[in-house]
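Read the structure below first, then the notes.
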Amino acid sequence: MARAFLFVLDSFGVGGAPDAAAYGDEGADTLGHIAEFCAAGAGDRAGLRDGPLSLPNLSELGLMQIARSASGRFPAGMPIPEKVYGIYGAATEISRGKDTPSGHWEIAGTPVSFDWGYFPTEGDAFPEELIEALCRDAGVSGILGNCHASGTEIIARLGEEHIRTGKPICYTSSDSVFQVAAHEVHFGLDRLLAFCQVARGLLDRYNIGRVIARPFIGHSSSTFQRTGNRRDFSVLPPEPTLLDRLIEHGRHVHAVGKIGDIFAHQGISRLIKANGNEALMDATLATIDEAEDGDLVFTNFVDFDMVYGHRRDVPGYAAALEAFDARLAEVHKKLKPGDLVVLTADHGCDPTWRGTDHTRERVPVIAYGPGIRSRSIGVRRSYADIGESIARHLGIPAGPHGRSFL
């Protein structure tokens, strides 16, 4: 029986979304702009990386052709390989959003057909009645922030006041999200998670997709830094996903990284926690060794988005891509006959774009494994085709939204 390994390179978009203008993202292209900056020397950083973007393994899996089909151009400064291995294409998101749950749920065969709730960008972000209920039910004297903000910026700006007053820092972004930053020692991690659970219950009526706990440590604005104890409190997907269907048919779903949180821990057999792309790859490789016939290993590589995309760090994003590319050889060595690897993304987060938010883009679709014939699958109409292809590979019935490319 077959196994499947689904890797989401969080935010690794390839541009070209036909509805990007509706999201203020016309022209956004995460891969294309990173390559362009690197080719021009703007992706160099002493001691980290220099020169054109170099992704030889991903290129041999069709990344150059994917970029051209999605955005109409090859990435600058990157050689085109003589031969491509495996299946390659791009996918267009049909969900109404450019957020993490929408992208992942659609990848798993369940597009989001409803509109998320969002908070206003002008004035106070949160309704007064929400803040009053949250402070009352969670037992705090008030909150700080109450605005749209970058997570690292608001910690630097309000972290010392948070320590002094004991008030959690609450903020949002262009996503359907309520984020809470608090000091792990002065406020306490358990207290932060309990606060977020209260917020999750109150925010359902506002149709907010996620509450995110953002713990940090440090003593002053110059030393504050986030820890690896982030946790997402998501609403449930609107209908059964690929993960639920696999469980229903007696298979195992191994969720590596934040996958469990994204799916509200539904359709998960086993959670494997790890922080940072390198540790996530280590955990994924170990899980591949342990996976049985019929299993799915599902990993989100979060650093591309959280550490580099939102912070608009081109050299950091480029270096992370190159490090991931180098480790694909370790994945190749572990594959057995019948295995399928799928590489994709959930949205874009162009590090050259204005602001700090996600960008609406198409995503790459790469599928390979022993016996997989190389071919182009063009531009798919929905991310859901990915989930349906995995369903077919693992021998379970098709779902209602996507079409398999296998």
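Cβ coordinates come from backbone N, Cα and C, glycine included.
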**Complete:** Note: Swiss-Prot has Asp305, His310 binding Mn(2+) 2, and from His254, His265, His358 that site also includes His358
**Message:** Under 8 Å between C-beta atoms and at least six apart in sequence, can you list the same-chain neighbours of His347 (Mn(2+) 1 binding site), or say none if there are none?
**Reply:** Ser11, Gly13, Glu93, Lys98, Asp99, Thr100, Ser102, Gly103, His358, Thr359, Arg360, Glu361, Val363
**Request:** Excluding Asp305, His310, His358, please set out which residues of the same chain place their CB within 8 Å of the center of the CB atoms of the Mn(2+) 2 site, keeping sequence order.
**Result:** Asp10, Ser11, Met306, Gly309, His347, Cys349, Thr356, Asp357
**Asked** Counting across all protein chains shown, how many other Cβ atoms sit within 10 Å of the Cβ of Asp305 (Mn(2+) 2 binding site)?
**Response** 26
**Message:** To see if you understand the setup: which same-chain residues, six or more apart in sequence, place their Cβ under 8 Å from that of Asp346 (Mn(2+) 1 binding site)?
**Reply:** Val8, Asp10, Ser11, Thr100, Ser102, Gly103, His104, Ile107, Asn300, Val363, Tyr383
**Message:** Quiz question: given the binding-site residues His310, His358, which has the greatest number of C-beta atoms lying within 10 angstroms of its own C-beta?
**Reply:** His358
